[in-house]
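Below is one structure, written out as structure tokens; the observations come after it.
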């Protein structure tokens, strides 16, 4: 009865406040995580709301289910709390932050604290440690062979790598390479051998197309294979192709990139590419390789990204079948090697969409060739089995033939089946006759299990092999050796077990036991030899810290699972303290056996007789709680016996509850303090990161300033070096001129007749040298004044930023420097003009010399006249170039005047404030660049004058050389005159004959032009029809997506692009006309030196062509009309049905949209209904029955 009264009293005490609160505004606030709550009087006193939530959902906790339970986290307030899953050994506690990251122990990393940091190993309850006693703890791994960090103290090797340090290739692989995802390359050997190594006879060879002179054999084709226009840029030294339509155009590689490219396996194919205009979305067929009936493709970049517009970027593709190389479809290893062995096509996409232009340059394929040079270790050298030979086992050995000739080197080699064991052709299998093999004696045809007796080849002897195995005789020792022993068996008589196997196949040491693989539980190195005893099978070279007959136990001082598949999970060091633990061993779970007086996970702590002083307060509090608990237990026992009044028991329980509340409140205060401290730490870290970013920005700014300064110094050094080279060239020219003997300008009077002319040329050369020195000095002074000008501008900026105006003295000084710079520029102009005048005088002297030579008595050689005319034209060209550069220099001089005006304007604006000072700095930089430009143009003018002087000197030498030829020509003058007269007659005849031929050619040309115009109109008509189809299709799509506005804008952009392209084409045509005109002039200059005999041959050829006049190609016109008819037929038969189908699809799509709208309306009505139900629910739900049962 008292117990019942207590329970009812508690229920009444809990329900009455709830009833009182129900009349106010207080309700259960559980953040949507609970439907149950209870009233707490103390909580009501503290917060004014006494409802405490019960049974919080979604792993939440707290008075209002406002936080996650210990060991759970969430990123946002309303999210479900997710488990932290912190590793119990590697984390400091089960808690984690809002992103799910746990707090790790020393040496541990990872979001879950489940991995060791690099250089650490053995994750235990104390964290990860580095055991100095173990050699493996150094993690001395070969970086080319590892696939991840060394967490367990042992190197984690790539799939094709082995060894304790991951420094060796597995059997069947070779060439350890850090760039290979597998680590090593699988032996190819055409599938005939699994043993190979890197060849030392090959060196690196790069197959390159850099397009320095022409297209280098490359072509451009449409997707259907039809040819497209490919152009070479002389300026940029690259090739490009354009497309007006959306069909892609591809660059096609020449023959040097095709054929047998086996030695390029695993290497890279790279090229520089950029696209201008058009679409810029990559496709799966951007790069295409074809060969041996196979075809693979790859995109330039991930399909989710966009190609950069107008930016040249290098794209690299690795030639292997690994998924990271992005080739599709993914071939097998041998399929990829078969493709490279007979590569028939390499295509790279050029255009993307309409009006697109693609540029490509520096196409490079890494290959190898058998010459000396940088080694190419990726080329293999195979160890061929019996019946094969060659570096790659690609040939059949003597006495063997192809099982299938159509497979080529991939086919299997089998023994020849010839009478008497004769040899045969390795490809066809045809047996050689006896006279073709005189060294092979006639032998008996022995069956399997027998061999020819070396002493008597006509007789057969049984093989000394059991089970009827075949055998052969070694030619060197005549020893009989058994062939084709079964797997796992070896020896001359197949009497031994092979490496990695054990047993006794003949029972020579006991009962017969067939050879079987050693059972070492994957705890031996498969690339090592002698892993087990060949007779007993006992494992001899256990690794991973294992031991035992079958490597199935951990070594002393280690624990774990020796049969685990992951090496990191196998046997690990016990890590016991040698002082506090029993002999260095541990239990199966890694726990150490401690000596008396020691404790801890590794027995590293000595036992303590009492707790530290910092625990005294806690101990006192715990003792008080224990006393109260004992009193409560006594009261409860008495209450059950009926000897203690319930009021006393109730009071004691309230005291206990109060004590518990105090503890909870103190814990909450501590938790709040920790949370506040964490927020302060986070804020400090944020500020630290901000400061670090600002510091990095400052460092980058300093580096950029240093780089600009270094670049400027390099430019100054280059200018000085060029001036020095020009001075040396002038000195060398002067020395050459002094050592040159020049013939006389008048009639020939002797070897010293041109002495005065040589002295005049020497004087001119000296004056040129002096002019160059003056120009150099003026250029240096201009550069120094430019530097001073920049420093003054910077001072003006600094003063303007501080006081808002410039000092008057600084302004005056700046103007003075400007005037002095202007005067130096004018003086530089005068020097250049004087140099031009001297060069012109030299030119006039040369013309006078030419006229004098042409007046030599008795000389009338036409070839000499032609040569003199060519040299005169060359001199005129050089003079024109000098005039042109003088005009450019005057233009630069006029720019200097503009610079003066702009600088004065900058000075005036600098007085108005800081913003105007910034403008002054920018324009001063512009002035500096123009001054440098003037200096470079002056240097260029000096360079041109030097070349003119050099050419004039060469001209004098050439005239002297022609003197001997002129004397020889005088002897042949009469004969040449006769030939010239005959040639003149024939020329007149040819001109008469050419009159009618020219008219016929003009008519043929007009007819061809009309045919081209007709074909152009046909193409325009077809394009118009296609455009109408596209407009119809776009109209159908516009009905669904509402893209009419975007479409019009795109048309405007396309029109603008078309106009730009037309302007570009016009510019290109003008450039081509200039180039063609220059080419024609050059050709005429070259043809001037052709002999009379060549002229006669040309006339004979012209007369022969006149006898075979051309005609208009009417068949081409008929063919064009037929194509037009077929195009119209195709439009009526295919395009119109397609338009109807698109209209039908649009109609169906509209119906589907109407159905979706109806469904959405229904769903919205259901949602509205649910909201009404939610609004009518009561604010709280109180389970009084559940309270009664507590």
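Think of each number as a place in line: the chain as shown, counted from 1.
Using N, Cα and C of the backbone, Cβ positions are placed for all residues, glycine too.
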According to Swiss-Prot, N-linked glycosylation site sits on which of 224, 362?
362
Say a student had to find the N-linked glycosylation site annotation in Swiss-Prot: which of 326, 939 would be the correct pick?
939
Going by Cα-Cα distance, which of the disulfide-bonded residues (56, 65, 84, 116, 539) sits nearest to residue 554 (disulfide bond)?
539
The correct three-state DSSP answer for residue 539 (disulfide bond) is strand
The mean pLDDT across the domain 'Laminin EGF-like 7' (518-573) is 88
Which residue counts does DSSP yield for the domain 'Laminin EGF-like 3' (139-186) in the helix, strand and coil classes, in that order?
0 helix, 10 strand, 38 coil
Give the distance between the Cα atoms of residue 150 (disulfide bond) and residue 542 (disulfide bond), rounded to the nearest whole Å.
21
Looking only at the domain 'Laminin EGF-like 6' (463-517), how are its residues distributed among DSSP helix, strand and coil?
3 helix, 19 strand, 33 coil
Residue pair residue 594 (disulfide bond), residue 571 (disulfide bond) - Cα distance, angstrom, rounded:
21
Compute the C-alpha separation of residue 520 (disulfide bond) from residue 166 (disulfide bond), stating it in Å without decimals.
21
Could you give the Cα-Cα distance between residue 102 (disulfide bond) and residue 96 (disulfide bond), in whole Å?
4
Summed over the domain 'Laminin EGF-like 7' (518-573), the DSSP helix, strand and coil counts are 3 helix, 10 strand, 43 coil
65, 86, 157, 471, 539 screened against residue 96 (disulfide bond), Cα within 10 Å - retained disulfide-bonded residues
86
